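**Q** So TrEMBL lists these for the protein:
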| type | residues | note |
| --- | --- | --- |
| REPEAT | 53-87 | repeat 'PPR' |
| REPEAT | 154-188 | repeat 'PPR' |
| REPEAT | 266-300 | repeat 'PPR' |
| DOMAIN | 481-573 | domain 'DYW' |
Amino acid sequence: LRDTKPLQQVHAQVTVSNLSDNVFLGNRLMNAYASCGLIDQAQIIFSHISNKNLVSWTILVSGLTKNGRFSEAIELFQEMVVREIRPNEVTIATVLPAFGKLGVALIGKSVHCYWIRHNFGCNVFVETGLVHMYSKFGCLKIARKLFDNMPERNVVSWNAIISGYSENEFGEEALSMFNEMRRKGFSGDIFTLTNGIKLDSVSLITILSGCSFSGALQQGRRVHALVIKTGFQADIFTGSALIDMYANCASMEDAKTCFERMEEKDVACWNTLISGYGMIGCGNEAIELFSQMKNSGLVPDESTFVSVLCSCSNTGLVDLGLQIFDRMQKLWNIIPSSKHYACVIDLLGRSGRVNEAYSLMKRMHLQPGVEILSSLLTACRIYKNLEVGIEISRKLFELKPNDAGYYVLLSNMYALAGDWDCARTSRTYLKSNNLKKNPGVSSIEISGEIFTFMASQKDHLFYMEINEFLKDLIFKIKSEGYEVDTDSVFLDVSNDVKKDILFHHSEKLAIAFGLMRTKPGTVIRVTKNLRICKDCHSACKFVSKVYARVLVIKDANRFHVFRDGVCSCRDWW
């Protein structure tokens, strides 16, 4: 908030001079108040202007949007249209973010149609706003088409499409666009686009987020170099994004170095590092960092406790986790959110205390959401608690009737219990309703390029090479004691079919490709969209030992770092 005293003095002078109705002065005052965040005062001035013009409406719409009052901005825009005041390019550009933030796709698309119908022509601000809006709607194909058709782009345009991909979890596409952005005009070592556009902190944070999601450490290091060369290393938000990137690539030494070099650290920086240690299975380090944070004088927030509780869950610190959850409420007066409950229920479920987890869920002051229910259902499958599992499944089907993953989990539970008839019934329901479970997909970064593999994918460009290498790999690790765990396939098929399914799991394909294409001693880093199965987990231990490689597997829940035949999770997953 800026110093408003001079502004109020000017406003008072306008009032005593009977100039409150002057549209020019009124517009200037509105804009000034909106820029200071005093949007209520701007609205009062707007109401006193009797002969409002297009600029008056545009200033207030813009002010409401910039101050996060999106519903009011849209209502004012609609009132403007009803009064037959035709919006111009500036008006449309200022209201588009409101549509995206609230997800009001129908109105947003109608404004886009209005723009096309009235043939406004090319405008980089409106077109960038449309790219951002459709990205928020999750319509990435439309956003990309609009972006590709833009005759002029600025750094905000690139940020819009890159962040759109990143926020919608298309990390590879975000990285690809970042590389394209650089190819379009970066020169020398100053990293300035030839058309005069400079790479800003928003671009860097967005790209780091893409690297973080994809586990693209090599790309992340290059972006880190850009951060240093463009002078943003002192920016606290960029620093936090760097910590997050390294943590999500399981490079905790680098994450810790970035953290320690930051002159100023906020709660988010501490939370990110705590979470990173927890994901990799270093629960004690996470708890120690939590203690250091409290000693530094910073007050932990809700996200801090989510990070700490997740760390306890990932490393089996059951009693300590329950103690911290209790103290969070009594000492810090933080009311547990669904995320806190999800961590504690996961903590109890993983330790086999399924009935306690179920009891806690029923005592919650909140309605259990998908995250809590799916965590408990997974625990029911692992510990074969069919009774609770069936009840949890019913609740999940009510919330997510079209999510195939939960039907598959239920089918797997029946299979573990030996009830193949019920298992088949669950899978038959999937087929009859055209529901499909997301296939296992794994990606690996080699020389800055990301390669993706899908489970049972035999039409991959490199499949023939990988298949031959994988056969030799399985032979080698079998000679060291590896045994195929056919129980990891919950289908009523022959063992040969099960072995073939396990042979073609996406992480095995990615690991084989990584071993083929990298030098001895290189760390193999694989990111997977699903939870790693018991067979692949066992195979990775033997691969790390036989090939003397470190394997870093990031699955849907956590990191598994395999070194010399041992996993960092210590089989707690």
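The backbone N, Cα and C atoms fix where each Cβ goes, and this holds for glycine too.
Heads up, TrEMBL stuff is auto-annotated, nobody curated it.
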**Q** Could you put numbers on the helix, strand and coil content of the domain 'DYW' (481-573), residue by residue per DSSP?
**A** 37 helix, 16 strand, 40 coil
**Q** Using a Cβ-Cβ cut-off of under 8 Å, list the residues of the same chain that are 6+ residues beyond the ends of the repeat 'PPR' (154-188) and lie near it.
**A** 124, 127-128, 131-132, 134-136, 138, 140, 143-144, 147, 194-195, 197-200, 202-203, 206-207, 209-214, 216, 219, 223, 443, 450, 452
**Q** List the helix, strand and coil residue totals of the repeat 'PPR' (53-87) as derived from DSSP.
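**A** Its residues divide into 26 helix, 0 strand, 9 coil.
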**Q** Summarise the repeat 'PPR' (154-188) by DSSP state, stating how many residues are helix, strand and coil.
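**A** Its residues fall into 26 helix, 2 strand, 7 coil.
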**Q** So, by DSSP, how many helix, strand and coil residues make up the repeat 'PPR' (266-300)?
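**A** Split into helix, strand and coil, the repeat 'PPR' (266-300) gives 26 helix, 0 strand, 9 coil.
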